[in-house]
């Protein structure tokens, strides 16, 4: 009667290693579920999908029930079928209850972890679907808007080009007629006469002591101050091919007018310099020819 409990003890001892290996495998499964590929999670959050991601997810979902089916028979410890005495049965049951409770607790924890993992995955999938729908709507709306905006811009520029072409055609005959008679305003004549007189004065009195360009710069500063006291004539803006090209390229007309005004002022200063320098050289040559003793 005594050797029978020893057999049951041997059966329990042989069952404990199999229980430990099953718990290790279960823990490994939980760890794999928790430590999913970080790159896949980031792709799900950001909304990027690889072409093979769907197949991988299906394979993972298929492998999960297979692993659970494999682990279920391994998780049940081996219990001896021979029942001899009530004491031995009670002993076997009492020996088995702790391992069964641990398995139940482990299964509950695994279910909680699975639900905790699946919830963010579902929310991320819903967010990805919403993002994809929003992106699809945006692209569908932006495509006709972009084409419509481009068509309007093209038509507006075409109309501007036609207007500028007509303006150029109308200005060409008037420019050809007015080439011989160029109108000079009073301030322009005053500037040219002043530059010529300054050149004579500099050659006669200041040439030996100062630079010939210092008085010219002083005269230009005086012209800048006296400009507002002279009546301003109406300046006709001449439309050229360059201004037409600038307008068609999208540059505002105000910027073009300002730049043209700046260039016209620079041209006026250059004209004054040419008159001043030519008059100075002419006077110098005349004085050298008629009076060599004159300094």
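Heads up, the Cβ atoms here are built off N, Cα and C, so glycines get one too.
Fair warning: this is a prediction, and the values are worked out from it, not measured in the lab.
Annotated features in Swiss-Prot:
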type: COMPBIAS; residues: 15-24; note: compositional bias 'Polar residues'
type: COMPBIAS; residues: 127-138; note: compositional bias 'Basic and acidic residues'
type: REGION; residues: 1-73; note: region 'Disordered'
type: REGION; residues: 127-148; note: region 'Disordered'
type: TRANSMEM; residues: 189-206; note: transmembrane segment
type: TRANSMEM; residues: 209-227; note: transmembrane segment
type: TRANSMEM; residues: 269-287; note: transmembrane segment
Sequence-remote partners of the transmembrane segment (189-206) [C-beta within less than 8 Å, at least six residues beyond its ends]: 212, 215-216, 219, 223, 230, 268, 271-273, 275-280, 283-284, 287
Positions on the same chain near the transmembrane segment (269-287), where near means CB under 8 A and six or more residues out: 191-192, 195-196, 198-200, 202-204, 207, 212, 216, 219-220, 223, 294
